[in-house]
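Engineer: Before I ask anything, let me first share the structure, which is written out below as structure tokens.
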Amino acid sequence: DAMPRRDAVAWNAMLTAYARAGQPRATLALFAGMGTPDAFSLTAALSAAASLRCPHAGAQLHARLLRLGLRAPLPVGNALVAMYARCARADDAARAFREMRDRNALSWCSLLHAYVASGRMALARELFDEMPAGSISSVAWNTLLTGYSRSGNAEQCLLLFNEMRVSGLSCDDATLCILIDACMELRYPSTGVAVHKIVVQSGWNAIPEVNNSLISFYSKFSLLDHAVKIFESMVSRTVVSWNSLIDAYTRLGHIEQAAALFQSAPETNAISWTSMIGGFARNGCADDALALFVKMLAHEHICPDDFTFGAVLHACATAASLASGRMIHACAFQSGFASYLYVANSLMDMYAKCGDVEGAGNVFQAVLQKDSVSWNTMLFGFAINGWAKEAFAVYERMLSHDVCPNEVTFTGLLTACSHSGLLEQGRTFFESMVSVHGLKPTPEHLACVLDMYARSGNIAKAIEMLDQYSESIHTHSSDMHESLLSAYSSVHLDARIGRKVGCSMVSTEPVRDTGYVMLSNLLCTTGQWKEAEGVRRAMTEHGVKKSPGCSWIHVKGAAKVFVSGGQELYLSDGICDIIQLLDGEMRNSMCSGA
């Protein structure tokens, strides 16, 4: 800025410095004030547009270099293809690639990346097979492997890895990380364990990035001991290493160990805090999640992002804490994240689960580019609050906007029908889900349909459907029986069928209290007191205890929990005194009024 005269070398030095320092906006701002750029200037500007994934800015730069006649240099052509690739504009990248006079390995790899980023794996494979022998490097192999891994095609990813080894090219740390991530999509961990052996044999087990992937892999399959062993054996740990193990603990329900690890971590970032907040929310510790979020706001160098707001809003939704949710909404609005789609969807979910359907609707209306999650969240919000007509209206609008319904959509519709007693409407939705949209019924769908049949008194049809889909809901059969028995109205009570369902629940899960309690209550309702006593005795013999009823209220920002049969001794005396005082005042008022 202090230079009286600046030449192209000075401009290019600053542009390159900003680009390499990871400041793409500053790069483009500086480029805008430049006079006539040259090939080096345009290369730096295209790199900045690629970092921002801004195809509009990239297209403007493309037009400018055409006007200046700077399309021919190889670095400019490569930067142009790479820019369109980073923006997932495969057709534009292919057009720029075809117009290049000269090409090198980077040119081919950039176009390959464009196809992979756009999810066009068939074209990516064709291009890979056409690449000159000298252009097929480990980068090309890893790019294609990444494409198969991210598209959920783990088998093809592993087959390609075998091709890579047969070709004589050795794998590197990036290759192994891609393979481990692909193995996380498989049903069983055996293949991932085999990749782990390759990691050890090839000597890449000292690389932190590979170990981080292995920690995530083992936690995905609930093999926490293996994940901890890898973490403890690491000579060099990064913040990602700590985050991976924290996430493993939270996902497997070990929230105390996760909190201790979080406290002992030498370095944390926004991901660490978000993982911990999300872990608290998932494990029923909503107050701890909110408290940690408040600490994060007070942190000097770490700021929440859209994923952080999503995690803490999930905590508010879980605890049905509308006041806290509104405060988080204000924070998100103030920090500019309220307009992010992920945050907006989380806000809708929070408002709906806290009973503020109008608040959810206001957020929904403000979202300009709605995705399927937005539509499903709003539909489900109406459904769980008993607004069936509104849920159906959202479904109609969804179809009119050419948004394809999925399993979640029909779960919401069936829930709306179940809560409102709309049996015929529910049957119509269920049939169209299978016959029109080709979706396979899930346990959630069947639970809603069973609930509708049971509440309408058509228990025989509910049992018939339960038997029809017995194979697909085998692992959820106890939940299905519970849904059926809980919806079983005393008006339509058939003791024989009800007893059969209850006995099935007890035999399926003898250590769970729900079957015993429901069966005992059913027997008591029909006057079979001795049989009910026998069920209670069997429950005691199996060491099963009934979970106490629980409710809570929020007072001055803190949740006060009340458990059936429990007493807080330090408060009970004072409460009893107040009740006696109120009783006396009420009696005096009645006497004086008489």
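Numbering starts at 1 and runs along the chain as displayed.
Note: Cβ is positioned from N, Cα and C throughout, glycine not excepted.
Bear in mind that the values here come from a model prediction, so they are computed numbers and not experimental data.
Heads up, here are the entries from TrEMBL:
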REPEAT    104-134  repeat 'PPR'
REPEAT    137-171  repeat 'PPR'
REPEAT    238-268  repeat 'PPR'
REPEAT    269-304  repeat 'PPR'
REPEAT    371-405  repeat 'PPR'
Engineer: Quick test of the contact rule: Cβ under 8 Å, at least six residues beyond the ends. What residues does that give for the repeat 'PPR' (371-405)?
Structural biologist: 341, 344-345, 348-349, 351-353, 355, 357, 360-361, 364, 411-413, 415-417, 419-420, 422, 425, 433, 437
Engineer: Are there residues at least six beyond either end of the repeat 'PPR' (104-134) with Cβ under 8 Å to its Cβ atoms? List them, or say none.
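Structural biologist: Residues 74, 77-78, 81-82, 84-86, 88-90, 93-94, 97, 140, 143-144, 146-148, 150-151, 153 contact the repeat 'PPR' (104-134) from elsewhere in the chain.
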Engineer: With DSSP as the reference, give the number of residues of the repeat 'PPR' (371-405) in helix, strand and coil.
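Structural biologist: Tallying H, G and I as helix, E and B as strand, the rest coil: 26 helix, 0 strand, 9 coil.
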Engineer: Should anything in the same chain at least six residues away from the repeat 'PPR' (137-171) have a Cβ under 8 Å from its Cβ atoms, list it; otherwise answer none.
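Structural biologist: Sequence-remote neighbours of the repeat 'PPR' (137-171) are 105, 108-109, 112-113, 115-116, 119, 121, 124-125, 128, 131, 178-179, 181-183, 185-186, 191, 198, 202.
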Engineer: Could you tell me how many residues in the repeat 'PPR' (238-268) are helical, how many are strand and how many are coil under DSSP?
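Structural biologist: Tallied per class, the repeat 'PPR' (238-268) gives 23 helix, 0 strand, 8 coil.
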Engineer: With DSSP, how much of the repeat 'PPR' (137-171) is helix, how much strand and how much coil, in residues?
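Structural biologist: Counting residues per DSSP class in the repeat 'PPR' (137-171), I get 26 helix, 0 strand, 9 coil.
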